[in-house]
Amino acid sequence: MRNHTMVTEFILLGIPETEGLETALLFLFSSFYLCTLLGNVLILTAIISSTRLHTPMYFFLGNLSIFDLGFSSTTVPKMLFYLSGNSHAISYAGCVSQLFFYHFLGCTECFLYTVMACDRFVAICFPLRYTVIMNHRVCFMLATGTWMIGCVHAMILTPLTFQLPYCGPNKVGYYFCDIPAVLPLACKDTSLAQRVGFTNVGLLSLICFFLILVSYTCIGISISKIRSAEGRQRAFSTCSAHLTAILCAYGPVIVIYLQPNPSALLGSIIQILNNLVTPMLNPLIYSLRNKDVKSDQP
């Protein structure tokens with residue numbers, strides 16, 4: 001990646017229309033972040049320490065906990081730093097790093113949810129062959145594939161964004177460095193980067209959405225064939241948690257990246273939901289309501 005820029009740092013403007021609320025936001029977001037760290041560490045510890053939880057479903061839940069820890073830590077610590085009265089400045093390299101890991105982990109999230117939908121599809125539609133199909137090798141390959149796709153995605157968008165010259169304005173209208181906020185600061189035509197970013201994010205989101213839709217269509221057909229009401233309820237409750245998490249994850253992507261001109265305030269609120277609230281809720285949605293995990297927590 002070549003550096004054409006005279007800009008050595010960017011200024012994160014933070015959340016629009018929140019002047020005077022810094023102390024309240026610092027307390028609120030610090031509480032959310034602490035709950036995110038504690039909840040996901042507890043879930044990860046329970047899954048690793050209990051042999052009863054060494055199953056495909058909990059293997060992917062463990063990956064989700066690792067993702068949530070990393071995803072929230074990409075943007076939240078810097079936000080808490082300047083909300084506490086410190087500088088809003090972020091170095092050029094820090095901005096590059098933040099954007100890379102945000103898209104790396106964000107893409108990984110989409111494909112991880114897709115893999116988890118496929119796992120539920122096999123568990124409900126082929127229960128007798130579940131352990132044979134979702135063996136250790138398959139699970140490892142699927143998990144590794146999600147992280148690799150996320151890495152390639154970020155390695156495409158990050159150089160494309162920062163190969164442009166940044167020679168003047170350096171105020172980022174977000175609370176972290178992301179493509180919609182950074183690209184307008186470039187001193188050169190950004191149409192190519194915008195088209196590639198839109199196509200990349202949109203295509204990957206559609207692929208994941210299509211695979212999830214197919215999986216849950218098959219799951220719905222299988223559930224409708226279950227004769228006992230208790231069996232249908234159990235299968236549905238297993239899938240409802242995953243569907244809830246998918247809605248929380250895909251909503252921000254659709255609003256932020258597939259709208260031509262999202263408002264700064266709306267964008268910030270949705271990004272906070274995606275970056276901070278969803279990782280905090282995932283342990284509750286997926287695991288803390290699960291009796292197996294509850295019984296194995298330290």
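Backbone N, Cα and C atoms are what each Cβ position is placed from, and that goes for glycine too.
Under the heading topological domain 'Extracellular', Swiss-Prot lists 1-23 (among others).
According to Swiss-Prot, the N-linked glycosylation site annotation covers ASN3, on the basis of sequence analysis.
Annotated transmembrane segment per Swiss-Prot: 24-44 (among others), in sequence order.
Feature annotation from Swiss-Prot assigns topological domain 'Cytoplasmic' to 45-52 (among others); the stated evidence is sequence analysis.
Per Swiss-Prot, transmembrane segment is recorded for 53-73 (among others).
If you look up Swiss-Prot, you'll see 74-97 (among others) marked as topological domain 'Extracellular'. Within the chain carrying the topological domain 'Extracellular' (74-97), a Cβ under 8 angstroms from the stretch's Cβ atoms is held by residues 1, 3, 5, 7-14, 22, 25-26, 29-30, 33, 105, 158, 162, 166, 172, 175-177, 182, 271, 275-276, all 6 or more beyond its ends.
DSSP assigns CYS187 (disulfide bond) to coil, not to a helix or a strand. Marked as disulfide bond by Swiss-Prot on the basis of sequence analysis: CYS95-CYS187.
Summarising the annotation, Swiss-Prot assigns transmembrane segment to 98-118 (among others) and lists sequence analysis as the type of evidence.
A Cβ distance under 8 Å defines the sequence-distant neighbours of the topological domain 'Cytoplasmic' (119-137), meaning residues of its chain 6+ beyond its ends; these are 56-57, 60, 215-216, 218-219, 222-223, 235, 238-239, 242. Swiss-Prot lists 119-137 (among others) with the feature topological domain 'Cytoplasmic'.
The transmembrane segment annotation in Swiss-Prot covers 138-158 (among others) and is backed by sequence analysis. Beyond the ends of the transmembrane segment (138-158), by six or more residues, the same chain brings 1, 56, 59-60, 63, 96, 99-101, 103-109, 111-112, 114-115, 118, 179, 196-197, 200, 204 to within a C-beta distance below 8 angstroms of the stretch.
What Swiss-Prot records for 159-195 (among others) is topological domain 'Extracellular', and it gives sequence analysis as the kind of evidence.
Per Swiss-Prot, the feature transmembrane segment maps to 196-215 (among others).
Within the model, the topological domain 'Cytoplasmic' (216-235) carries an average pLDDT of 80. Marked as topological domain 'Cytoplasmic' by Swiss-Prot on the basis of sequence analysis: 216-235 (among others).
The annotation transmembrane segment is assigned in Swiss-Prot to 236-256 (among others).
Taken from Swiss-Prot, the feature topological domain 'Extracellular' covers 257-267 (among others).
As annotated by Swiss-Prot, transmembrane segment applies to 268-288 (among others).
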Greatest C-beta neighbour count within 10 angstroms, which of the disulfide-bonded residues CYS95, CYS187: CYS95
Assigned conformation of CYS95 (disulfide bond) - DSSP reduced to three states: helix
Tertiary contacts of the topological domain 'Cytoplasmic' (216-235), as residues 6+ beyond its ends and Cβ separation under 8 Å: 117, 120-121, 124-125, 243
